[in-house]
Amino acid sequence: MLSHFQLALMLGMTVALGPLALDAYLPAFPDMADGFSVPHADIGLSLSAYVFTLGLAQLVGGPLSDRYGRKLILFGGLTVFAAAGLMIAQSGTLGELVFWRVIQGIGGAFCAVSVPAIVRDQTSGQESARLFGLIGLIMFIAPAAAPSLGAFTLSLGDWHWIFVVLAVYAVFLAFVLQTALFPRLAPKPRATTPVSTLVTNYGLVLRHSATMRFVGIQVLCFSTMLLFITHSSFIYQEWFGLSNSMFSVLFAANIVFMAALNLINRPLLRRIPSVQLLRVQVIMQFVALLALVTVVAMDGPFWAVVACMIAAIGCQGGIVPNNMANALEFFPHLGGTAAALLGAAQFTLSGGISALSSAFGGDALLPIVVSMLACSTGATLLVLGAPGAVARERQAAAAA
């Protein structure tokens, strides 16, 4: 049997594929724009396309994983991801880049949806919560290190090699999982329910108003972060003229602050309900973004922009786990379906918002931060009524 740390390490390495594919090529945006002879913002469309597909394909990958087994779907995802990475490295036009990023998103989605399913297969209750927390801490390393990995790869070659490295990492993961993970997992019977029936379960989640409130919060808060990720290269490298290395340092600072809030959040949960913490953290993010818009509108100093940005993005470290817990609370027997819907909505809708900002945002900083504030405003309006919504659902469940 695997220890918790061994299981979390390998599953964390698998989930890390997603943020690596998102963030590793951010330092290469200027070079890619020059190479394709397109505006900087157009390269952001490749990121939005990947994120959009990463979400939408989870709706397919979830039921398939239940029906045909975790290993088959996970290895299929790794194969598609690696093959698409090699094709991206040979792309000669922006259209080819975006197309193969869509294919890569399908592979990434099949990998992403398999990990929580494996956790649910092997653990339950508080044990699952602890394992998810450990995977989350390991996960913070990937987005923090990804831009540095990309910048280092750029120092050795051009941007094409970043996607070759990602393909090699996917092959390495397949080897590790085949030799060290699956032979040591407890066997889990496959679902015999037809895939068509599994899909209809999504309707139960969609009709649950309290859960959909948290889905909305997740989409809007993640959109805030994705807008930053999509435009971070433009903000730091084009607008402020920073080097690849300085961009990587400042990007990592956001992740460090997220990890710090994640660690602070864990002991607070012993005394304060997660929905109350969520409300405070979403409001904190709104205040930080309001300050950011004010600083940018008044042409404030660079350090003030960075401080407000780090504070706003760092709040995700507390928002994500608390919102996830509340979103899944009312579906103990459909946790996988609810999680797939949450992930699909998060990536698909957020990817669409990010794509619109890339297409119509232009080359200015103020529209970007105003878009982030608009998303945060929506999340704040939803979260204000969240404690009451949870209380009503619990009362209804107790009375039933």
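Keep in mind that glycine also has a Cβ here, set from the backbone N, Cα and C atoms.
Feature list (source: TrEMBL):
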{"type": "DOMAIN", "residues": "1-400", "note": "domain 'Major facilitator superfamily (MFS) profile'"}
{"type": "TRANSMEM", "residues": "47-65", "note": "transmembrane segment"}
{"type": "TRANSMEM", "residues": "72-92", "note": "transmembrane segment"}
{"type": "TRANSMEM", "residues": "98-119", "note": "transmembrane segment"}
{"type": "TRANSMEM", "residues": "131-153", "note": "transmembrane segment"}
{"type": "TRANSMEM", "residues": "159-182", "note": "transmembrane segment"}
{"type": "TRANSMEM", "residues": "214-234", "note": "transmembrane segment"}
{"type": "TRANSMEM", "residues": "246-265", "note": "transmembrane segment"}
{"type": "TRANSMEM", "residues": "277-296", "note": "transmembrane segment"}
{"type": "TRANSMEM", "residues": "302-322", "note": "transmembrane segment"}
{"type": "TRANSMEM", "residues": "334-358", "note": "transmembrane segment"}
{"type": "TRANSMEM", "residues": "364-384", "note": "transmembrane segment"}
Per Cβ pairs under 8 Å, the stretch of 98-119, 159-182, 246-265, 334-358 packing most closely against the transmembrane segment (214-234): 334-358
Segment-segment contact (the transmembrane segment (334-358); the transmembrane segment (277-296)) at 3 or more Cβ pairs under 8 Å: no
Average pLDDT across the domain 'Major facilitator superfamily (MFS) profile' (1-400), rounded to a whole number: 85
